[in-house]
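Pulled from TrEMBL, these are the features on record:
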type	residues	note
BINDING	Lys8, Ile9, Gly10, Gly11, Ser12, Gly205, Lys209	ATP binding site
BINDING	Gly49, Gly50, His54, Gly151	substrate binding site
DOMAIN	4-227	domain 'Aspartate/glutamate/uridylate kinase'
SITE	Lys17	site 'Transition state stabilizer'
Amino acid sequence: MKPTVIVKIGGSVITDKNTGSLKVNTSELRRIIDELSSTELNLVLVHGGGSFGHTLAKKYLVHKGKQYSSTHAASKVMVSMMHLNSIIMDTMVEKGLSPLSLPPHAILSDQGRFRAYQKKLLNLALNQGFIPVTFGDVILDQKTGFKILSGDFLAAELAIILQAKRLVFGTNVDGVFPNLDDNRILREVNRSTKFFSVTTDVTGGIQYKVKQGLRAARAGIETLIINASKPGNMKAAISGQKILCTKIVWE
Ligand SMILES: Nc1ncnc2c1ncn2[C@@H]1O[C@H](COP(=O)(O)OP(=O)(O)OP(=O)(O)O)[C@@H](O)[C@H]1O
Ligand SMILES: [Mg+2]
């Protein structure tokens, strides 16, 4: 089987998390999909929530579970994510690709772990030439009723279970900044690296992304955080070309 690359498209790249507007930046989305189209490798795509996920989840406290939120609010976030997902699916089909959507709320629960059944689905899809597409979502949880499952978690999990060659987190900054007043990124981050993090979203922002990246790096997967807002970066990163970014290594 061809080597697999897992790509996470940050919601920060294709939506406006600052204003919370429920509009997709279609030119950015189209450009990134064009860049992904070039790969010969097996591709699995994960997209984040951006304004479609984080803004609503925060408003209704969906990340805190049923005790603080409601099943109706959880449904609202799921529907909003399905909406964003369908725009991405439409765009991929328009561009001649063959995506296959795997909404987490329909196939995962609790810790969001992929078991034999989900793994079989993924491999069947890849073997048929589909690009599996999944995303940060609300999933059912036996203890809290429901919870948010982060796209960053899914991306690392998929990289590990599919023994991917590479995991690329595309976001809207060049990589991980060491502190507030230094905008030169760290070229490498390992499990001991300390850096600042201001988290405004519901899934732990850059800190959680690095944590998930470390999990994949530990499993031997080449893991990068790149600026997907810069044209050409995604295409270069998935094919292993060197770009300005943060590489995540275990030690
Ligand atoms: N130390 C840091 N280094 C880099 N970015 C940081 C740091 N601390 C905070 N950030 C912020 O983290 C943001 C990226 O994380 P964020 O979770 O918002 O994006 P994303 O994962 O691409 O989007 P989504 O969660 O919707 O998929 C950057 O826009 C940046 O402002
Ligand atoms: Mg995020």
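Keep in mind that glycine also has a Cβ here, set from the backbone N, Cα and C atoms.
The substrate site in the record is lined by Gly49, Gly50, His54, Gly151, and its two most distant CA atoms lie 11 Å apart. Neighbour density at the Cβ, taken as the number of other Cβ atoms within 10 Å, is lowest among the recorded positions Lys8, Lys17, His54, Lys209 for Lys17. Each residue in the domain 'Aspartate/glutamate/uridylate kinase' (4-227) has a pLDDT score, and their mean in this model is 96.
The recorded positions listed here (Lys8, Ile9, Gly11, Lys17, Lys209) include Gly11, Lys17 as those with a Cα within 10 A of the Cα of His54 (substrate binding site). Distance noted between the C-alpha atoms of Gly10 (ATP binding site) and Gly50 (substrate binding site) is 7 Å.
The residues near the substrate site, meaning same-chain residues not in Gly49, Gly50, His54, Gly151 whose C-beta sits within 8 angstroms of the mean position of the site's C-beta atoms, are Gly10, Gly11, Ser12, Thr15, Lys17, His47, Gly48, Ser51, Phe52, Gly53, Met81, Phe135, Gly136, Asp201, Thr203, in sequence order. For the pair formed by Gly49 (substrate binding site) and Gly11 (ATP binding site), distance between Cα atoms is given as 5 Å, rounded to the nearest Å.
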